[in-house]
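Peer 1: Here it is, the structure, as structure tokens.
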Amino acid sequence: MNLNGDNDTAVVTIISKYGQFTKEHEDFISDLHEKTIPGIRQLRVYDVYVGGNAANFLDFRNALDHRFPVLIPAVLLMTFLILMVFFQSLLLPLKAILMNLASVLATYGALVLIFQNGWGSSLLGFDPVGKVSVVTPPVLFVILFGLSADYEVFMLSRVKEYYHHMKNNEEAVATGLEHTAGVITAAGLLLIVTFGSFATANIITIKEIGLGLAIGVLIDSTIVRVVMVPASMRLMGDANWWMPAWLKKIVPEFREGPAPEMAPQPLAAGVPAGGSGASGGGKNAERMVAAPPPPVPKSANTVLVGQLDPTNDLAGAEPIAIPRTRPLYIGRHASNELRIADQRISRVHAQITYADGAYTITDLGSTNGVYVNGERIPSHSTRVALHEGDVIALGGRGAVTFAFHLRPLAQPPRLSRS
């Protein structure tokens, strides 16, 4: 017992026969809080407190136990509301929450097996203590739930776009998965390597959090995102996109704005396609060079429309008129206005749009890319302006190519499906 100089404060040090953070030690501190201290305080003479590392840790854990049950429904509610506004659906946000919780709960189960039951403890270099750190569950929940929601939005935003175009839920899910599964898996592998490196730490809590994040990302980016999400969306069918009419009037609609335009310089006649960044040679490379178009007679009232002149693989096909009132979708799927039955072409490969007096082309996340004058354009995020004589290649450099021209509206070519 230590007394201060004024003899009004005493510090009593109690040495327990139990280990500092064992269950018996925690029970001893709880008895002090619940039985011993209340009796002393009833005397109204002394203010009594329990300190020390073990008591501070117990107070910290009790605070977490009270706050964590409040955190979970708050996160779930905010996630539901945001996804409901973004997707204009009731079932998709509910499904997203269930899938995200599946990833988190599976991770909790894996941590119990490893750190509480001791599976693989010798391989990971630690001695199991029969429990998981109290810090690990809330930290894993907020990080894993956020990552899972991010993957969900990334995938379903593409599925939603294809559904609006195809009007077929099954095809939209398949096409969206085709265009996003590779990116999601690659991003997941990067995170797994990064988080997994913390499993080599000597501090058990850091080891738990690092390994838990790696396991959670692995489960989410493979089993959940690539298997469970597409399967559940296919089973729900068009109900994925259902929302009551009265609720649509209340919920604000999320609208996407136009992407920035990028204007590539057209190749001059006589310059080989490989000279501006394209690779390869031979006949295909030569065919990617656009010949100078004949002059188009124009007057103040002349209206010009876009036209695609097929070359190489589609040589001999009729020119394709580009509508001014709607996008021209290009791809392998039957729902595209310009269908190209070529395995190098994705289901929904690209679209050409007329707006503000100009034609633009957008890569809709194709596998083999869209090239304008030999240069691959950014995927999905950028509209590239088309100019007279530009050469468009789909499915790789020189795979399926068109020359873009402007023609008077008075002599429109027929629309041809390939």
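Glycine residues also receive a Cβ, built from the backbone N, Cα and C atoms like all the rest.
Those TrEMBL annotations? Automatic predictions, nothing curated.
Just lifted these from TrEMBL, have a look:
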- 272-283: compositional bias 'Gly residues' (COMPBIAS)
- 328-377: domain 'FHA' (DOMAIN)
- 261-287: region 'Disordered' (REGION)
- 70-91: transmembrane segment (TRANSMEM)
- 98-119: transmembrane segment (TRANSMEM)
- 139-159: transmembrane segment (TRANSMEM)
- 180-203: transmembrane segment (TRANSMEM)
- 209-228: transmembrane segment (TRANSMEM)
Peer 1: Determine which recorded stretch among 70-91, 98-119, 180-203 has the most C-beta pairs below 8 angstroms with the transmembrane segment (209-228).
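Peer 2: Of the candidates 70-91, 98-119, 180-203, 180-203 scores highest.
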Peer 1: Give me the DSSP three-state residue breakdown of the domain 'FHA' (328-377), ordered helix, strand, coil.
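Peer 2: So the counts come to 0 helix, 23 strand, 27 coil.
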Peer 1: Would you kindly list the residues that approach the transmembrane segment (139-159) from elsewhere in its chain, counting only those six or more residues past its ends and only Cβ-Cβ distances under 8 Å?
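Peer 2: Residues 68, 71-72, 75, 79, 83, 86-87, 92, 96, 99-101, 103-104, 107-108, 111, 172-173, 175-177, 179-180, 183-184, 187-188, 191, 209, 212-213, 216-217, 220-221, 224-225, 229, 233, 365.
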